Amino acid sequence: MCGWEIKMKKITKIFLIIILIFSTTLNGFALDFQSNAKAAILTDEEGNILYEKNGDKTYAPASITKLMTYLLTMEARDNGLVSYEDIVTITKHASDERGARYWLVEGEKLTLKELIDAMMVASANDATMAIAEYIGGSEEDFVNMMNERALELGMNNTHFENPNGMPEEGMGNLMSAKDINILAKYTIKNYKEELLPLTSMKTLVNEKRRFRKDNTNKLLKVMPQVDGLKTGYTDEAGYCLVSTMPAKGFRLISVVMGTNNDYERVKESKSLLEFGDNNFEKKKVIDTERDKYTMNLFNEEKVPVEIVPKENIWRVSPHKYIKSQNIMIPENTYWKVKKGQIVGNLELELYNSERITVDLVSNEDKTIPPGVFFRNIFTILGCVIKSAILGLTN
């Protein structure tokens, strides 16, 4: 074995020991939180899961269904099929809807925008049905649109039978907490500027109709920073809520399903959002300015070179977010490097077991001194020739 090969193995062993010790000191991180809802999920606006309980299990979503009706209405508007100013004539089918109502009368005419406000703030079932019939042509056709859109969004544990979440004979509407989160995340991303001012409205008032109703989302009064999103309640569904608020450099989206009463719905949502706000922030988990390491050019003097990650990577993470860290550099045969040259990679395992890998690059130009090069050149040439001979004979 050539001398430089022996030296390389020693360097590699020492390097691996250092990484092993460093990784061990970062392990053992956990966050303690438990929701009492039947199902719950908390994510950031990118969908990174911060907490989950029974996220894929399906339950009746009740009026949270209306969020899909809202999305399809807005997409129809964006496609030029309808406008806020369109006049909608109320059918008997819409005016007969039970539960929360805007007290629509068959034959009366309202703008589409007024119906949307009644649907999202007062959770009016009759207004929702009127919207569905207007957009889809019929309730049945609109429900088909809802199910098709759910599949397109990756909501694989969702089934709709009506546009407002009212109980149905048979299966009825079903959604998982994770699917509700997907729907909320997508709708906020695309319609935040119109949706959140609407869903944060404390009271819907229409003096002409002598209508006044507080927003069904009582969390708005408990947490001023909350600006949405939609409640749901039926005997089968229990009390449900998808809520959202800005946090430390990002947005939180939470879902609770199947709580026992309105107080518990608010309490569980508040606890979930506070857990996210108190324990997470958007930060650089990999930082080109902060995360600096050293490798050595292969020579007897071990010329040090500063290496850094090639790019910054952001995540919504808790304060202690790294479970383990590994720096991987190929056999250290570099005699010179240029600034920006890839020399290895950095791998992080985060608190939620997500693994991130980024290239490590030299942060400087460096070449070994000429004298060192010539002292080692014959050893290196000998090893190259030996390797070539072994390759031919094997």
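Just so you know, glycine gets a Cβ as well, placed from its N, Cα and C.
A TrEMBL annotation is a machine prediction, not a hand-curated record.
Over in TrEMBL, the protein carries these features:
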- 34-260: domain 'Peptidase S11 D-alanyl-D-alanine carboxypeptidase A N-terminal' (DOMAIN)
- Ser63: active site, acyl-ester intermediate (ACT_SITE)
- Lys66: active site, proton acceptor (ACT_SITE)
- Ser123: active site (ACT_SITE)
- Lys230: substrate binding site (BINDING)
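Annotation note: the residue listed as 'active site' sits in a coil segment as assigned by DSSP. Counting neighbouring Cβ atoms within 10 Å of each of the recorded positions (Lys66, Lys230), the lowest count belongs to Lys66. Secondary structure at the residue listed as 'substrate binding site', taken from DSSP and collapsed to helix, strand or coil, is strand. There are 28 other Cβ atoms within 10 Å of the Cβ belonging to the residue listed as 'active site'. Lys66 (active site, proton acceptor) carries a helical DSSP state (H, G or I). Straight-line distance linking the Cα atoms of the residue listed as 'active site, proton acceptor' and the residue listed as 'active site', rounded to a whole number, equals 8 Å. When Cβ atoms from all protein chains are considered, those within 10 Å of the residue listed as 'active site, acyl-ester intermediate' total 27, not counting its own.
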